[in-house]
């Protein structure tokens, strides 16, 4: 009978399969776990008959006539125990406790010998070395992506005859036949029409160049999609929603692996070069986190501890933002300058209070072109961001905001010119000064649009300040960022990345949201009223066969351990994965462990009758301090506990008796239900 259990389906384990624990990717790799398929239907491992015991010297009975030794197969660490399955949340409390124990052991040993002291110093220094390596590797890959993207973008227009590896700008650098005004025109750079039909003039030459441009763009986009689909599906998108979820403790194996890094780097160059409406800033955060995860495998301190590894990934994400915006791209915000036919004249008849900059024909032409570009940019960006290619949203969002800001800036400029006597202009505009700077409106518009899409505030202002270097623009940037966030929050509480997390069903608890509903733990826990009883293990009365049967018939990721089914007094909590690995290793490495062997989660076992099979002690994999709440605990407190402690599950008790369990998935489903959302959209625990 399938019984209620609030744990998530264990996707890493298929019934009867032990090899499924192995990860095929380098992301958050587990230690290699030797073993074959578990056969829970074994019936040929019954204890030998009495007459066979003397002949079977390796058999160690647990009765009075034997050594009565309880076999503890966890006296030495077993590879795989304490690790996690794919699409599961880590146990932050356990990981932090492990790191404290490891640090305490190293500190104590450092007093015993010089070598131990050196090891202690190297352990403390390893974090700084790892950060240095991440910065170097991330910066190198970002530079490679930037250089390659520039070259492949220019390849759509032509090629350098002096060396095909030069982009347009580099090709004309050393040319002796070019002036500063015509620095992009040199004989060394040939368009495709010059190469194919030996001319660059006329309608046919234009058609040839246009055809080659479209052909290269389609080829780059096709290669990007194909490589992602075939080799690394996790390389699509910006990666920021998944990175945000992983940093919260969720495990997505392969998402930060070596294949994802390689394909993401290559396809990011192809996607940017194709001319699609996307940016490389978001994907560079993913690239940097891949670098951090891979380099973590060089240091045991971070390779074996998921919580410590996420500290590194957090720093790697910051490095990704740094390399993404380190290049001087502030000029993008001001690229839509006046190339617009202003009638620059100064009218003294108006008292010389304002500079005369009436719009010419070119300005009006540029305005409707900008308006059309704004509409097309919004539509194209929406479709591009949903494609299965590496795509960032930072630069497209900033471009949309910059265009809108530019339109507003030019409009305000003309308003100030024709209505200079208005109080709003007359009181602060000095003689001969440009009272309205459309370029500044473009910059503020870019910040506002990006802030509305991502809900960033402080970090956005800092990024924009570093891009422009203008300290005097901090106030308008802050005002624009906050206003855009307020407006966007009024339309919908989720930013683009939070929306993607919800659409993918990832178990992410937003720390800033408040839970204001008056529900109790008993309203959320499983099992509910009229549901089957909770599946539990007893501490000293279940056989190996009993436990294997429960494992094969359920998909729960863990089981509470109680004193007995009658008392339901809680002893601890054991993970499904640890149970499977421990039993499998006991069957393989120790003679005498059979289906009728009793499993003990206690410190000591009682005397056993003669010639009984040896017992199996698994106390070392038991969590003796699982987090518990009472059935009357308000869900507001429970949600806060899950957020701040990063829990996977907590057990619900009443007067010390186990009643049920609440998992992170249950909490997220309850929050979605209270918000009138689909609770079934939460797929993972």
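All residue numbers here begin at 1 and follow the chain in the order shown.
Backbone N, Cα and C atoms are what each Cβ position is placed from, and that goes for glycine too.
All TrEMBL annotations are machine predictions without curation.
From the options 173-192, 253-272, 273-292, 393-412, the stretch TrEMBL describes as transmembrane segment is 393-412. In TrEMBL, the region 'Disordered' annotation falls on 1-28 of the listed ranges 1-28, 29-56. Listed ranges 80-105, 210-235; the one TrEMBL annotates as transmembrane segment is 210-235. Between the listed ranges 366-386, 471-491, TrEMBL ties the annotation transmembrane segment to 366-386. Taking Cβ pairs closer than 8 Å, the transmembrane segment (393-412) reaches residues 238, 277-282, 324, 329, 332-333, 336, 359, 363, 367, 370-371, 373-374, 377-378, 381, 384-385, 436-450, 453-454, 496 in its own chain, all 6 or more past its ends.
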